[in-house]
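> What TrEMBL records for this protein is below:
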- A:23-40: transmembrane segment (TRANSMEM)
- A:56-77: transmembrane segment (TRANSMEM)
- A:107-130: transmembrane segment (TRANSMEM)
- A:142-172: transmembrane segment (TRANSMEM)
- A:184-205: transmembrane segment (TRANSMEM)
- A:217-233: transmembrane segment (TRANSMEM)
- A:240-260: transmembrane segment (TRANSMEM)
- A:280-300: transmembrane segment (TRANSMEM)
- A:334-357: transmembrane segment (TRANSMEM)
- A:369-397: transmembrane segment (TRANSMEM)
- A:418-434: transmembrane segment (TRANSMEM)
């Protein structure tokens, strides 16, 4: 801590000067960066000609926001953080704290109860039809990403194999359900495990050729694999329907007892004498994906304590050491790929049942990137962190759609969704700056002699390789 | 300390691509011995160590362990024959705790003897007990070396391979570690094959030793003989690093 200066009142004027200088510089930089992107807009006029107009107001807001932001960070936030760090270091409080608050120790239970109560609460607050938005757009959408990210976490977070084509397994699961239910009329509950198995099979198929690859090379090959699957789905028109995709996919049923098809005699709403609404199906789906997520979490936590899970983590740390300890790295990698892919397959078949429609467009590289971003932001290997990251990233983008009030600030033709990726990127940069190991950077040990201690991530260097 | 060798390396030639790193090496290690291999940088010491473990595999010649030819056996299966290795650069698992690292070493028996063995390791290296819930990557170099050896010992090895245990460590720590190796050998009859640059310490510890130059064994003898040998003294003990 010797090299971090203590800010006293003497040099606070110097600090202000520095903050103003850096703020102005940031504003200048933002002006340069956004001049062409934001300041000038092209559009087609009535004659179908491309013309441009200026948006100085919007540009000014961007520039002022960056200048002000930098000024606040340099002038107030950073000194505050430094002071806190210094105070902490002086007080000698170790970063490992064995005492945890009530909320911390019972976090999982609280979260689970909140999730179970979420749909009834949504209905209570906004009525049956109004709950659709909350249950479907926020609830199900986020939980799908939680599940996908937890699945990818097995491959990337635990086994340390950077997989950029994870969406391929999601696609395999979705198309497995879509095609098999379409062709053979099998039910969701039979096809769900089958889709998982098929995806796991594809996971192994991908695993074999990439066994010798690591890091960057592995990432490129998995990226290619994801694209190959998507291109096959797009071009194998006779089977997959090409870019048009497959529509009219059968809905899931309550284990065959109640159906959600409107015309069916055992329709859920009819059976209980409720008014017809699509909300019941979504609420049912919410519990299904919640169950699937719980399954994923349970399996992951169990596996981590088993030899295979330990082998995954050791593999992430050091492959050569693993081999010299008698671990079959081939088997270990393949199981990681297979199990990760299996969860992707589950999520995929769920996605198909929810959407009722699949097309290659849902399985583009951007999806893989978002899932990977959620895993990295959450803190690789940490289930809680990943769930939080999914809520922030996916829920955040959904929330943008709701931000009608922004129109009053930026003008009526402002569509917040268009800035989704910009904000997404910004959020990632900010998180990586302040929490380079993700939201939950500490890793819970799987074995301990007397008491369990969370080990802070900030103490250690990254494992190489 | 006599009879059939536990490890027998005969005529081994190992290549990296087209470059020959080992040019026909013969070495044997008998049960209960500490045998060391000394030599300059790039002599092929670590390559020999890795060849015994099957990564890379020898192109010519053979490696026999306990009467079985293991030249073409994959690395992880060689480890299952109870050849444990503390590799060059220690290669502990940095993000796992000391305790978990030790657990990884006991994976062969599926942790059957874990409790019993972990106490032994803690008795041998008391520092590891203090550090048990700390991450491997936060340990000092000496502690990491102890952990690396401890992890290898958790596998209940018949043969322990140590690749430069003294690398980058303070003399006092080196002494501690070599002391521990000696205790293991004397009390438990553990067979140790040691690769070292620190020729003086290694020769003093070893029953027998080999000197390696450019992928060949040029000299061999008891530790004492080699310590007294003027050529060895000139090349590795005086003026060299130790």
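FYI, residue positions are counted from 1 along the chain as it appears here.
Cβ coordinates are placed from backbone N, Cα and C, and glycine is handled just like the others.
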> At a Cβ cut-off of 8 Å, and with pairs 6 or more apart in sequence only, do we get at least 3 pairs between the transmembrane segment (A:107-130) and the transmembrane segment (A:217-233), yes or no?
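No, the stretches stay apart by this measure.
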> I need to check the long-range neighbours of the transmembrane segment (A:240-260): which residues 6 or more away from its ends have a CB within less than 8 Å of a CB in the stretch?
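Answer is 175, 177-179, 181-182, 185, 187-189, 232-234, 266-268, 271, 280-281, 284-285, 288, 352-353, 355-361.
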> Are there residues at least 6 beyond the ends of the transmembrane segment (A:334-357) whose Cβ is under 8 Å from a Cβ of it, and what are they?
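For the transmembrane segment (A:334-357), the far contacts come to 140, 144, 147-148, 150-155, 158-159, 161, 163, 166-178, 188, 191-192, 195-204, 206-208, 211, 245-252, 285, 288-289, 292, 295-296, 299, 303, 308, 312, 315.
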> With Cβ-Cβ distances below 8 Å as the criterion, list the same-chain residues six or more beyond the ends of the transmembrane segment (A:142-172) that contact it, or say none.
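Same-chain contacts beyond the ends: 195, 198-199, 202-203, 206, 214-216, 218-220, 222-230, 233, 286, 289-290, 292-293, 296-297, 300, 303-304, 309, 312-313, 315-317, 332-333, 336-337, 339-348, 350-351, 354, 360, 362-365, 367-372, 374-376, 378, 380-383, 386-387, 389-391, 393-395, 398, 463, 465.
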> Please indicate, using numbers and ranges, the residues of the same chain that are 6 or more beyond the transmembrane segment (A:56-77) and have a C-beta under 8 Å from a C-beta there.
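Cβ under 8 Å, 6 or more out: 15-16, 18-20, 22-27, 29-31, 34-35, 38-39, 409-411.
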> Who are the long-range neighbours of the transmembrane segment (A:23-40) in its own chain, taking Cβ under 8 Å and residues 6 or more past its ends?
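Same-chain residues near the transmembrane segment (A:23-40) but 6 or more away: 52-56, 58-59, 62-71, 74-75.
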